[in-house]
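To keep things clear, I will list the structure first and then write my remarks on it.
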Amino acid sequence: MGLCGLLERCWLHHDPDGVLTLNAENTNYAYQVPNFHKCEICLLSFPKESQFQRHMRDHERNDKPHRCDQCPQTFNVEFNLTLHKCTHSGEDPTCPVCNKKFSRVASLKAHIMLHEKEENLICSECGDEFTLQSQLAVHMEEHRQELAGTRQHACKACKKEFETSSELKEHMKTHYKIRVSSTRSYNRNIDRSGFTYSCPHCGKTFQKPSQLTRHIRIHTGERPFKCSECGKAFNQKGALQTHMIKHTGEKPHACAFCPAAFSQKGNLQSHVQRVHSEVKNGPTYNCTECSCVFKSLGSLNTHISKMHMGGPQNSTSSTETAHVLTATLFQTLPLQQTEAQATSASSQPSSQAVSDVIQQLLELSEPAPVESGQSPQPGQQLSITVGINQDILQQALENSGLSSIPAAAHPNDSCHAKTSAPHAQNPDVSSVSNEQTDPTDAEQEKEQESPEKLDKKEKKMIKKKSPFLPGSIREENGVRWHVCPYCAKEFRKPSDLVRHIRIHTHEKPFKCPQCFRAFAVKSTLTAHIKTHTGIKAFKCQYCMKSFSTSGSLKVHIRLHTGVRPFACPHCDKKFRTSGHRKTHIASHFKHTELRKMRHQRKPAKVRVGKTNIPVPDIPLQEPILITDLGLIQPIPKNQFFQSYFNNNFVNEADRPYKCFYCHRAYKKSCHLKQHIRSHTGEKPFKCSQCGRGFVSAGVLKAHIRTHTGLKSFKCLICNGAFTTGGSLRRHMGIHNDLRPYMCPYCQKTFKTSLNCKKHMKTHRYELAQQLQQHQQAASIDDSTVDQQSMQASTQMQVEIESDELPQTAEVVAANPEAMLDLEPQHVVGTEEAGLGQQLADQPLEADEDGFVAPQDPLRGHVDQFEEQSPAQQSFEPAGLPQGFTVTDTYHQQPQFPPVQQLQDSSTLESQALSTSFHQQSLLQAPSSDGMNVTTRLIQESSQEELDLQAQGSQFLEDNEDQSRRSYRCDYCNKGFKKSSHLKQHVRSHTGEKPYKCKLCGRGFVSSGVLKSHEKTHTGVKAFSCSVCNASFTTNGSLTRHMATHMSMKPYKCPFCEEGFRTTVHCKKHMKRHQTVPSAVSATGETEGGDICMEEEEEHSDRNASRKSRPEVITFTEEETAQLAKIRPQESATVSEKVLVQSAAEKDRISELRDKQAELQDEPKHANCCTYCPKSFKKPSDLVRHVRIHTGEKPYKCDECGKSFTVKSTLDCHVKTHTGQKLFSCHVCSNAFSTKGSLKVHMRLHTGAKPFKCPHCELRFRTSGRRKTHMQFHYKPDPKKARKPMTRSSSEGLQPVNLLNSSSTDPNVFIMNNSVLTGQFDQNLLQPGLVGQAILPASVSAGGDLTVSLTDGSLATLEGIQLQLAANLVGPNVQISGIDAASINNITLQIDPSILQQTLQQGNLLAQQLTGEPGLAPQNSSLQTSDSTVPASVVIQPISGLSLQPTVTSANLTIGPLSEQDSVLTTNSSGTQDLTQVMTSQGLVSPSGGPHEITLTINNSSLSQVLAQAAGPTATSSSGSPQEITLTISELNTTSGSLPSTTPMSPSAISTQNLVMSSSGVGGDASVTLTLADTQGMLSGGLDTVTLNITSQGQQFPALLTDPSLSGQGGAGSPQVILVSHTPQSASAACEEIAYQVAGVSGNLAPGNQPEKEGRAHQCLECDRAFSSAAVLMHHSKEVHGRERIHGCPVCRKAFKRATHLKEHMQTHQAGPSLSSQKPRVFKCDTCEKAFAKPSQLERHSRIHTGERPFHCTLCEKAFNQKSALQVHMKKHTGERPYKCAYCVMGFTQKSNMKLHMKRAHSYAGALQESAGHPEQDGEELSRTLHLEEVVQEAAGEWQALTHVF
């Protein structure tokens, strides 16, 4: 504590220890006190020598050398003292440096700060700054010791000495367990009198300029330190550094005792104090791995699992600080320490000053005096005598005489609020407050306190606070907690307490200069001011919407992300903002507070005016709205709000924002703000064009449209245009004769409510006369004044003073008979009309309690109350007919709705009066004597209550569904089961109609009504009456019409048994039976409240047609809670036990857990599933579980054939066939066949819905309903038609259909056994044209095919697809085995880039391609054929094959070329390839031959090559056909590697293997190759198949004889296999669209083979390379037993066929997969599903037929797929071929192994990495097929070769 602070207190206060207080005249401090020790420096006197000596030592330690002789300030620099002395001059304040004069001393003080020199003393050695010379001297001594030599560092705790400071620090850690502190030691009482840097805003002084700079940022809001990662700004560099740790994840502060690490040093200190400090009381649990100590075993287990389980080091979370605070809150200090601290606190001279401040605070904070014997209300605001804009702390300081401190709180201070125990357990706060307010009360309380409380109080230390802190301070374990004087909250920082106190005082010192709003915290004001500037600097990255503050942006972003961080503590709902949650939480307490009557009130006092009432003050009703359902009268807004708030229907928690001009309250502050403008006349939203002001932005937007001249709302009748929808709606009244608004006084009708209201003002004089008559009658009889005024409360201006109700709900619950003694005046407004709202104008005796018991004690009291109720008066004339039923839904209601009152009373009375109401009665079956409350409400009705039967069903519905109808309307108290229903109902009160019709502008309350209305515009009347053929637009209109044809009259009058078709007619009739006073019947109020019932009953009638189930008996919340506590006896029935179980599970919620998290939490058992990571205790459980994976259902029902996985399910199912229902419900006597069905049914009675949707707040009775509901959350988007895509070097282009394929040619005829044949022009199809388009084509009379490729048809095309329609078939074409509907087109694709180049080079396609003479192609790369050379391609389609193949990125190019006319193409290596182009001049087929594609090649050179390759046996036509396998690798080409004559563009090429058989050389030297896999080619599996023959050596190499190959010497003709290999140079590839065969010279040495050859034939298992694919296949079979030799280079997956590999490779490429582009021509006859392959269709068909052709030989199980059988067989063999590469686990399926590796070893990341970086050689690859060798094997060995590929 500084000297100046001591002097300040000494001069301002009287200290009882002897320090005298100076009077005002003692200005020069020259006073004399005898026998006192006087200080010569400060002239203070002390009675004792010890005090004087201590005081002098303070001078020596804290004084600066230069002292002011007129005040206690001292200075280190003499110049600063000179400047200071000029402030004491009494004359004009003048600066001694610049001689500038000032009018005020304060201005001079601020000015001389510019001239002051640095006061701090700087160390010349290290530059450290010090305030006092003594501090500098101590510091310099350290430097001298360092220079002198070694220094001994002594431990202050144990006096040990160490040579280095690091050793001392290590040693001090041993004392940390005892002397650790979680907070820094601050000097709470800083002497700021000597600080020279003053804040210009608040006057606070600081020692350093840097401190002042940081402080000023609090006032200016400047945040210069911005985060580079997220843009967040801070006002201090240290805060930014702390924030950056969140991004970096750095935790530099490591605990020395355990592995924990922290980002902040304070968290580390708190951690050390919490887990490493000594625990004095109670058991402790020590960690075996580190030195952590815990008080509970659970904390130790949590610590071990986090820190010592080998996982990542989980440092203590950010919430650990909060746990530290909670843990240390009630830890006690040693008694000696407490006493010592208390003694030191009392010895301080400032204790009296502190007590004065606390006294002032408590006086200011005392609530207003309340009546004796009553405690202040919980919600009552504290009456504070401070000004509205002043801080209570500031006022207390001023009253106590201390210097004031700034009240502005630091906006950036974090509030470490800490809620302590309640006052009963925390005597600290109460003791302080009692001591200060009333000592006598405090003594009495101390006498009554128990010894335990006294012990607790002794263990805790209470210190009085400093002058700056209100309330008390509780210090615990070195932490000072500042207790709020109003509540039990505690804070570490005084500034946090100051801000918190404003919550209680409602002080908002920070006012907005531009509007009326004020705020408690300056940061909130700063954010608010940004809304006035119009600057919206924060933009949403999703929708680009801008916001003025970052907080608003954060809340908005939650709309996009769906984050709802604020959860309700009472239910499962979550909210985006805390304000929404706060509003929602109030709804939980709203009804309970109303029921419990927490806000007690006195009986209502009604003050009625004595003199004439002015006409404008007469309240008018709202116009009656005429609808199809009846007459509806809306609530008058002024009467509703007045009654609503005066009668306390709304609690403060629900509508916290109240208008201080009127009684209205709102849920949101923005609504209040807009409402207040109606009082103040403020219109802040100005139109920039005309200057008009508006109260809201929405009205301004609508107004701006009037300036634009845009009239977007048009009348459909007269074409008139209007600016707004309201103008159009008003205009539409001209075109119709509807007059829906009726005056409630004279029944005159109007088109608009505005005109009706104008008319209704003419009735005010009549109403005023009636009111005067009513007042005169009221003054005659004083005994009935209260009751009459209650009836007129909604028709006149009254003032209701509410204080308290006679009894609370708790008292009523304890003594239900008290409800019977209520006087009528206590039940505010329970007139007959109010009951009529809910009970359809029944007499008051028709109350709910008639359902309880015939001998109800309440009936007499109700009858007595009815006799006391006078005849109702009304301001309306008697002209309103009886037939009108007017809804007056609110202003006639009592304080509590009458039905609600009677429901509460009936429940309480029935519980109290029924002798059978006990725990066991709820379980007993219903009987005449003992039955539960719910059953009695249903079953007991007698002839005495016949008048209630009409409303019984409605009454039951309200009673039974009360627990489920939790959403209540604030206007009429009607209950709903869903919030959406309530929302729609509220619109009937507010008049909101958000759903607008686009055609006529009418608004509707729901989208369903709008949809029905829109049908009226279409004129379509789809609903016809089957009796009279009348048509209606909606189903509801038809339903109402059908009632006219029905002779049934289901609605019976309970008085005369007359029947009616509708409830409306029945209720109108029932009114005739009612005996009510004439005055009551004369008013329109008797019918008031009827429409709500009519609407509700009609709605229930409509729902009755949908639900045929009878009414369900439902237990109330109290009954269910009582049932849950019951333990049923052993003799109880199954139904009774199930009822108790269902009641107990009502609050249980079964949520869907994350599967992976659930598997991790579950314990591991010995019986593990081989398909998934689950494990089970019993082998039988595992067997049942495995059936989920295998799909096995061994238990089959003999009755219906249904199969089940478990036998118990079959047993339950069989009971449904027998009809036995052994389980009966004792509540409603319904019977069920299984116990599970009974359990589900019992939830209807208890209302239990344990199954909660994880995506919303809905709950369901069964998991199946939840599952069905969850499907709505995953509803897929409507499937879009997939557009055909083409992979090419450019983008995928959409085809344009230019051909009408639906037309047919009369010359086409279809025969069953014929083959498609025809003549095609060889020049029609050009080499190198690959793409996609549909071109028109036709067939001439001679059978020639003509395709017209004109410039006009190609001008707008990017991709061209050649499509041959059905009408293109010539007269000699025959079709067999093909559906005529499937031959609409034959697709050949042309690459768009090639087409473009072709058009540019030779204008090839500009002419008509036809077979007419005189037309020849002009392309130099294409040669005309010799017509004398026969050439043909014979195509025989397989059975059921559709000739509609879409060959993706390829085409089949055919053309006749002789040997002399061959096209020469030159590659980069200098070799010339002879392109052999084969022709397609006819489609012929031998009858009965296999379905295959035969290529007859007439080129002599190719024939010779094939003949030599085939060997001598090949010429024999009688031998077996030889097969040639053409393997085309997937290679890439670039434009640079293509020959100059080839117009090809780069494209991705796929792989295809063709198995062809050679039947020998024909007589014309031609060789025929037959392609067996026609389906693979025609379904789009081919890209480009090239057969090249080099010009150098036109011979195939000799047959390779490998002794290792099996089957070579076998019988049968040898077969020729042409094996491909990768070319040495990628540029040698010529991507021609033709069948080419490339041979390699037979003299090719093995050393000259390409280096990539090994990779092309490399074993996937052992990485061994082979020279050919055949050798590799043989090796894979013999060594590894596998046939999958085609491996993916990316993911190493293996396939049997190259086509499968090709399809798989598409998964590694971007864009649609190849399989998705294949045409799905094979359709299922049952479900119309289509497939690309017949095998897929065959497998699919087994689903419908139930065929299971694959049988297990060991257990006779059958499966519909071979793969399922293979998986099943592994169960018998126990084989687990797929081993995990990281652990020893094995799996039967590779997918399970991958799943295991992803979960257990995080293999997914590595897999993605490898997939994202496939190995590339860096060279461009070619797809040209180089046939390297011919391998001869026996034909039998290669029979399965076609299946492999």
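Each Cβ is built from the backbone N, Cα and C atoms, and glycine gets one as well.
Feature annotations, courtesy of Swiss-Prot:
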type	residues	note
ZN_FING	93-115	zinc finger
ZN_FING	153-175	zinc finger
ZN_FING	197-219	zinc finger
ZN_FING	253-276	zinc finger
ZN_FING	285-308	zinc finger
REGION	404-466	region 'Disordered'
COMPBIAS	427-437	compositional bias 'Polar residues'
COMPBIAS	443-458	compositional bias 'Basic and acidic residues'
ZN_FING	482-504	zinc finger
ZN_FING	510-532	zinc finger
REGION	864-890	region 'Disordered'
ZN_FING	1023-1045	zinc finger
ZN_FING	1167-1189	zinc finger
ZN_FING	1195-1217	zinc finger
ZN_FING	1223-1245	zinc finger
REGION	1267-1297	region 'Disordered'
COMPBIAS	1286-1297	compositional bias 'Polar residues'
ZN_FING	1686-1708	zinc finger
Tertiary contacts of the zinc finger (285-308), as residues 6+ beyond its ends and Cβ separation under 8 Å: 257-260, 275-279, 314
Surrounding residues of the zinc finger (1023-1045) on its own chain - C-beta under 8 Å, 6+ positions past either end: 1012, 1015-1016, 1061-1062, 1102
The zinc finger (253-276) - residue tally per DSSP class, helix then strand then coil: 11 helix, 4 strand, 9 coil
Cβ-Cβ under 8 Å with the zinc finger (93-115): same-chain residues at least 6 beyond its ends: 82-84, 86-87, 196-198, 200
Average pLDDT across the zinc finger (1167-1189), rounded to a whole number: 87
DSSP-assigned states of the zinc finger (285-308) in counts, ordered helix, strand, coil: 11 helix, 4 strand, 9 coil
